[in-house]
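Some features that Swiss-Prot has for this protein:
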type	residues	note
BINDING	10, 11, 12, 13, 14, 15, 127, 172	ATP binding site
BINDING	31, 36, 57, 58, 59, 85, 86, 87, 88, 92, 133, 144	AMP binding site
REGION	30-59	region 'NMP'
REGION	126-136	region 'LID'
């Protein structure tokens, strides 16, 4: 199973990816984790990413795609993978699909976790309070959600147009949401 989980901040992507990894016995791939691993390993891509990040800039699509290609050659990916929160724009989606076609591992499904904005703000605010993060004001959260909607809505449409998108209600108990995702990807 080769799966992408999309959803706004606070939608439960990371939580569900962790659960699905165990259930489906496949690798969980997070771009943030990939960046940290490549930097820690001192690879050429890691060095490039560190230089960009140290300058306060976003890592380019090319660097992320290079890291993804490297990650997809690891043995734990042979049975499949869950990509959590990537791709974030249509250019990344096109490049990733090209890479997956090249290595003979096209996506089986893309799942969009749908959660109402007010609930997302509530979830993130609650999480921020538990973790003691003062920077997660409702205004800042709304701004992050707007950026997500501006950049990722076209990715959702991109995969919907290819017939690989499943929209799943991301509200409810964790077991219920997991069951909805499993039903959607096995349908």
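Yeah, the Cβs are placed from backbone N, Cα and C, and that goes for glycine too.
Here the features listed in Swiss-Prot are placed on the structure.
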residue: 11; record: ATP binding site; CB count, 10 Å: 26
residue: 12; record: ATP binding site; CB count, 10 Å: 22
residue: 14; record: ATP binding site; CB count, 10 Å: 15
residue: 15; record: ATP binding site; CB count, 10 Å: 15
residue: 57; record: AMP binding site; CB count, 10 Å: 9
residue: 59; record: AMP binding site; CB count, 10 Å: 19
residue: 86; record: AMP binding site; CB count, 10 Å: 21
residue: 88; record: AMP binding site; CB count, 10 Å: 17
residue: 127; record: ATP binding site; CB count, 10 Å: 13
residue: 172; record: ATP binding site; CB count, 10 Å: 12
Length of the line joining the Cα atoms of residue 11 (ATP binding site) and residue 86 (AMP binding site), in Å: 14
Close in space, distant in sequence - residue 10 (ATP binding site), Cβ under 8 Å, 6 or more apart: 115, 119, 120, 121, 123, 124, 127, 141
From binding-site residues 59, 86, 88, the one whose Cα lies nearest residue 13 (ATP binding site): 86
Entries of 31, 57, 59, 86, 88 which, being binding-site residues, have CA atoms within 10 angstroms of residue 172 (ATP binding site): none
Site extent for ATP (largest Cα pair distance over 10, 11, 12, 13, 14, 15, 127, 172, Å): 17
Spatially closest candidate among 57, 59, 86, 88, the listed binding-site residues, to residue 15 (ATP binding site) (Cα to Cα): 86
